[in-house]
Amino acid sequence: MDKLDSWELFPYCVQHENQRLHDCFRGQSFSFGQLKGKQVQSTDLLSWNIPVDLIDTYVLSDTVLDNEFICNCSSGYFGPRCEYSFDFFVPIEFKDLVYKQLLSRPRMTYSQVNSTNVTCYQGLIAQECDKTIICLDWRQICDGVLDCANGADERECLSLESNECIDSANDYRCMDGRCIPRNFLFDKQFDCMDKSDEGEDVYIFDAICAWEPSIVCEETWLPQRGEFQCGDGEIAQTSFCVNNRDAVYYRNMFQYDVNDNNELTPTCWIYLICMSNMYDLFGFNCSFCAHLLKGNFDECEIHIIHIIMRARAYFTHFCSSDVYITFPSGPIISSSVYTLFMENFNTSSIAHKYGPYPDYICYDRNVCPFKLPISLRSTTMEINNLICFMTHGLVGSRVTNGLRNWKNFLRHMRRLFSSCTTNFMVKNKIEKLFYCPISEKYISPYRILDKFDDCFFYEDLNIDDKCAFNLTDVFQCRNEPTRCMTRFMTSYDGCDDDSDTLYPGVCDLPNDWGCQFLRGIPLPPVHFIFQELCNGNSKLQYEIDGETDETHCDEWIPNFSQQNHLCDGVWDNENGSDELDCRNTVVRAVSKQCGANEHYCAQRNESELRCLSVEKAGDGNIDCLGASDERNTYCTSSEAEYKCLNARNCISIDWLCNGKQDCRMNDDEELCPWLANVGFFATIEFICQNGIRIDREWQRCNGIMDCPSGEDEWLCDLKRLRTFIPFSFHTRIGEYPQIDAKSPQLSLLTSSLPTMKVTAVTLSTFTASWYCHRGIAVRYLDSTVRCLCPPAYYGRMCEYQSDRLSVFLRLIVPASLLRTTGDTINQLPSLLKILAQLVIDKKTTYHEQIVDVSGRKHIFYLLLPINTTKHERDNTYVRFDLFHVTRNNVEQLAAWKYRIPFPFLPVNRLPLDLLVLTDRICQQHICGIHGHCKMYANSNETYCVCDSSWTGQNCNITTTHCHLSSRCIRSGSLKSICVCTVGYFGSRCSASFDPCAVDSCSYHGQCYPTDQRTTRYACLCNPGFFGIRCEFQEAELRVSFELNEEISACIITFTDLRPSQVGLLFVQHRVLLKSIDVHGHITIRNANEMAVSRFVLLETFGVNISDYRLHILVLRRNPTVQSLTTRAIESNRCSHVDALLLNRTLIELVPLAKVKLYARVCQRSPAVKCFYDEAHLCFCDVVNAPDCLVRIRESTVCDKLPINPCIHGGRCIQISNQNHWDFTCACPACTYGALCQLTIEKYTLSFDVLFGREIRPGFPFSKQSPLVRTCVGIVVCLILIGLILNALCFSTFVQPSASDAGVGIYLLILSLVNQFGLCVLGVKLFFVLHTQLSSPSSINHHVLLHACAILEYLLTILFCLSDWLTVCISIERVINVIKGVNFSKSMSRRLVKYSCSCLFVFTAASFIHQPLNRHIITDPRSLTVWCVKSVHTPWQQKYESVIYLIHLIGPFSCNAFSAVFLVVTLTRNKAKVYKKNTMKMLQQQLAQHKHLVVSPIILILLALPRLILSLVSACTKKPWLNILFIGGYLISFLPLLDQPTLPTPSPPQIPESAPTQIAEVAT
């Protein structure tokens, strides 16, 4: 059932029949074989109203089962065998059917009332209850009245009164002691069961609850009030229950029982019943009593008091025997309170026409051990072991002052003896509770001064200082330091100084300023709109920091009176010239015959208004009735505005034309001469000249012309009610941007959506009966009656009340989940599904699945099993699992676990505002190899998320229970629970469901199935469209940026004005953007709105708070444009007012004093177009005056997240739009990524940083940028080519002849290191892609954590090790040259072992800090995982920089030195031997051994890009620079493709050296 911003899901169920039908009662039967032969699908069966379980069985049946059949029911019939039907055959929605049946029920007469007409609670407490007057209703438990003789209904109830909310900052304590999320407070829906969260009278909806099937009625519970609760949400405060539960209660109480040793005869009992005026309860009537008492029947219609007096006389004469008479014969409260009468009925000191008071009220001290108030102690006596006191001792209390009948008397008795409930349980004083010393009762201190007298003798209403109790959620009146009140009272019985209602605007929508104020959200100190300042009407009744709205207005009046007081409904000039020619006003409408310089003028006995020149107005002479032309001279009071002719007195305009002469000259009635003969009716109605009758109270002077000529609004402007002009739009900016006539204007789209025709029906007497109580009556086999029961009831007639938990749940999800467009195969969108499980003793006993489509608050029931024990209740909790569901996958996002508050109560409520963040990973290994451990979002407890086809608490049970890709959940339940993919339903998700085949989104969207029980399907609208069927087009705004400063993050806010809240901007939509090109352009849409709003603001943010900037993008008078192009320019930038005042003294003024000086800002600089403060957005108009609007500047602090998600010094910027939230990070220099997780430091390079910046998380590989796909191709080629070359190198140097010297071993090891490094590079690439492109549920976080720590570490040390191995080869080559024929190969081989070991230890130890500094972070919006480096301390940064330089410059320098040394040494040796010129020998050696020079040069050139990239800052701001860096980084891996560039000396130096020859050939 669709309510305001909520979705209620109530399944109606019928109790199973013992008789099993073997044939279809009304319909055609088909065997499974026949249906499968005809290829009947599950969607077809669903349209037949077939039970879901039967459809599931049909789909899963692999063989042809001819013994199983399905019934295709005839129209109007349903059930497995078509055995049920309603009394009509019309197309009607089930929710409408429920309303119709309830509305059709007439009120039963008392003769029809019996005990079967009430519903009863039969649960645990009812079983423990000793004796009651009527069977328990669940609302009687903890209601403050002892209904059970043994007090079972009031045990443990003080825990409600003493309860405090744990998180008082985010929770609100209802008056009944329960807690709700603070965001649910004042959200226009009752979330507290006692309705104390909306500030409305708790009885406002009770009268309709007899016909209202909503959860508000089913669970209304008002403890501690003493009211009789009717069992369906109705409160019998002053009247009787519609369902007559109170009649059953009073009948049982006053019933005559012959087996009760009654001291009265039946006739005397009837006398008492007649005398008590309660004869209707027993089928009597007044005529019967009159006949019995030989009275006159006319007395029943005229003077019923005569019947009462006659019954009293008869009883005194015929029935008096004992001194005291007990009536009723049993107790009136539990088993402890009785009422006694004296035999002659004369001791009652108060006579009343509605019957006698009891003379004595008696109670059992053993049950109710409290002391009597002092006023009653003098009249006490002991009678039959009861303590009795005389009723007249209560004179002056509400018992006698407000008594009208026995019902009212008993109501007060319940409240008087409610102290027994706390005294029954409390032996010692409880510090958390307030003790009523006279009433002797414990109550919550929150009930003090709450408008209700919770203490019978008013002790709670006579407290002077409620603030002294230090309560967590009260409002303290500004000017009354001892006056505190609960939040829900601020709307109707608040502070005397009005500080509880002193806020701009009203509370219409949950995000309104007024609602946030009432909710207790910290707001800027703004109490009224800008236009109410210095207007002559005091808004503040007290000073705030020495200021009010009407003090220090010296600079205000000259600047603003002329502008802001034009056409505001009040004459500010003596002649009213400021109110002339005002368009679109009621005054102008009623004086349409007058000119632009004329006022209307009423005369005596004239049916039309005349016109008066402005020159005659305000001249001291009265020319018009009521002195309307001299209104600033006479009758200036706001309560008496009309001046009578020839008299000094003034009267209210409400007295005009009311049929009574209030002025001496009767001119107050001669204003309306057509009403001269109306008489009395003129007091309640206003009759127009054409005879139309309107309500005087509501329609006269309401600002609307209800009469054709407007006579109902004549002289109403004398009330001096100033109408504020919210905004003038005459600003220096003007209308921005300017548009031409060709711009698309708003045009409403007509919808041709199919609607269901509901035929009006007249329900039969059967369906209109009370047989099913709160359920729905259906026919069984066309004859007998069966009942469809809502969740709150069970039984054949829905006569028993369920133990249940109602859940009020709202999801606040990341915007990334709302932007999902669908899976890649079927292009079906994703859904969010909520699985709620009621777990008792680790077993799921009830569950419900909810599809979150609308983003509304979800309301549903979780039912407890019948006869649940106290131990089981204490071990009960609710688990919520959130799933991301597509056509082919069900992915678990998060889980919550909540204990049930107050488990002893039969009906409980769990209101939750669940913030969807990333699920937390735990390090425990309890889930085996087929699952991974996670932590609940609201606690540190752990649970397992199992892989596909695995289930169980530890993911150790294989399962094929759930069909296809559905998720199987088995949390201790007797059978598994299946969470179905999109388009499937049933207990095993085997049945397909495609309502889109018939009903589709006929406009600009895509249809997809949701829940076969409710909405059935929804539409995923294409970008730019919205509506149920995507039938409306969203407004589009194209923004080009022409700004001077870089934008790290920005928010574009669509704001507008609302007629009901003048002077106040409200937010329509907010868009969060990151890293905007200051010279680029974007296109955004005003979500769910057809026009661009009047005001569009651009807020930009940087790393520091001082980097905030505000620009005006749009300023339009009328929101009628569907598409608009604008520019963000520096000239439309608004500065903070403190930056413009340029005076420290003015800047330090309190806000209320500072705002009155805003004229200086506009007058000082003509270039200033707009400015802002903490609560206002101001514009300078064309006459150099400010025109300000109150702006709700929503917080951008990331308060929804437990920690700041932006690392490396980034600033988190957050927005909230309705039910979703989003954030972005403003990153400092050299940091990138959604979370500023990618940082580039000097001397360090990381593949994550360079490559990760280009990846689009969540998008498949095919939709990644060309750069990403190219990089992947290059890395794959490097690995394949390297594999070939390194394999050849390895196969060569693994030969014994090739490794007889150290250089061969070096080359062998180098080939292994190189290939391993290339493989690690490939794994690293796969790691980055996997974490960004894969579904979060498919990621093993334990593996990722180790991969994050190891991969970059391995890649770094392998790369460095490769470089140092080349150095070793170069050094050995140098040694070879130096030693010549003395070179020792054996020594060379021995040195290889030591040098390689030392190199590995040195390299690994150098970077041992890397695994410790790396960890995994998760983006709480998209759940994508990043491997990041921790922030270093300064000494760690210096250490890492030095180490990187050593490993980069060291090998580079060694290779260069060895190349030069070799050539120089060879040249000198040759020159000495051959005695040639050194330069010629150098040229000869270079030509002969060019490979000795070229190969080191090549190594140097390949290492040069990596060295340059490390030495040069890589803070790239342009995409092409990042491409250059990625290219250089990949080039640096070319040396790992084997080492063909590492030659050894030629044979003359090392003869017969196979490795050398092979190396030279390779070179």
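Even glycines carry a Cβ here, placed using N, Cα and C.
Straight from TrEMBL, the features:
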DISULFID  Cys142-Cys157  disulfide bond
DISULFID  Cys174-Cys192  disulfide bond
DISULFID  Cys657-Cys672  disulfide bond
DISULFID  Cys927-Cys944  disulfide bond
DISULFID  Cys946-Cys955  disulfide bond
DISULFID  Cys1021-Cys1030  disulfide bond
DISULFID  Cys1227-Cys1236  disulfide bond
DOMAIN    918-956  domain 'EGF-like'
DOMAIN    992-1031  domain 'EGF-like'
DOMAIN    1194-1237  domain 'EGF-like'
TRANSMEM  1272-1293  transmembrane segment
TRANSMEM  1305-1330  transmembrane segment
TRANSMEM  1350-1371  transmembrane segment
TRANSMEM  1391-1409  transmembrane segment
TRANSMEM  1442-1466  transmembrane segment
TRANSMEM  1487-1508  transmembrane segment
TRANSMEM  1520-1537  transmembrane segment
Cα proximity to Cys142 (disulfide bond), best match among disulfide-bonded residues Cys657, Cys672, Cys944, Cys1030: Cys944
Under 8 Å by Cβ from Cys1021 (disulfide bond), counting only residues of that chain that are 6 or more apart: Cys1001, His1004, Gly1005, Gly1027, Cys1030
Winner by Cβ contact number (other Cβ atoms within 10 Å) across the disulfide-bonded residues Cys157, Cys1030: Cys157
Contact yes or no, the transmembrane segment (1272-1293) and the transmembrane segment (1350-1371), 3+ Cβ pairs under 8 Å, gap 6+: no
Disulfide-bonded residues near Cys946 (disulfide bond) (Cα-Cα within 10 Å), from Cys157, Cys174, Cys672, Cys1227, Cys1236: none
Contact set, same chain, for the transmembrane segment (1350-1371): CB under 8 Å, 6 or more residues outside the stretch: 1246-1248, 1303, 1306-1307, 1309-1310, 1313-1314, 1316-1317, 1320-1321, 1323-1324, 1327, 1392, 1395-1396, 1399-1400, 1402-1404, 1406-1407, 1410-1411, 1414, 1427, 1447, 1450-1452, 1454-1455, 1458-1459, 1496, 1499, 1503, 1533, 1535-1536, 1539, 1542, 1544
Cys955 (disulfide bond), number of other Cβ atoms within 10 Å: 21
Count of other CB atoms lying within 10 Å of the CB belonging to Cys1236 (disulfide bond): 25
Paired segments the transmembrane segment (1305-1330) and the transmembrane segment (1442-1466) in contact, 3+ CB pairs under 8 A: no
Cβ contacts under 8 Å made by the transmembrane segment (1391-1409) with residues that lie 6+ beyond its boundaries: 1302, 1305-1306, 1309, 1353, 1356-1357, 1360-1361, 1364-1365, 1368, 1372, 1436, 1439-1440, 1443, 1446-1447
Cys1227 (disulfide bond) and Cys192 (disulfide bond), distance between Cα atoms, whole Å: 43
From disulfide-bonded residues Cys157, Cys944, Cys1227, Cys1236, the one whose Cα lies nearest Cys672 (disulfide bond): Cys157
Cys174 (disulfide bond) to Cys1236 (disulfide bond) - Cα separation in whole Å: 42
Rounded to the nearest Å - Cα separation of Cys157 (disulfide bond) and Cys944 (disulfide bond): 37
Entries of Cys657, Cys955, Cys1227, Cys1236 which, being disulfide-bonded residues, have CA atoms within 10 angstroms of Cys944 (disulfide bond): Cys955
CB within-chain contacts under 8 A for Cys1227 (disulfide bond), separation at least 6: Ser1048, Val1103, Cys1206, His1208, Gly1210, Gly1233, Cys1236
Number of Cβ atoms other than its own within 10 Å, given for Cys927 (disulfide bond): 24
Across the domain 'EGF-like' (918-956), average pLDDT on the 0 to 100 scale: 82
Neighbourhood of Cys657 (disulfide bond), C-beta criterion under 8 angstroms, separation at least six: Asp668, Glu669, Leu671, Cys672, Leu675, Ala682, Phe686
Alpha-carbon distance [Cys955 (disulfide bond); Cys927 (disulfide bond)] in Å: 6
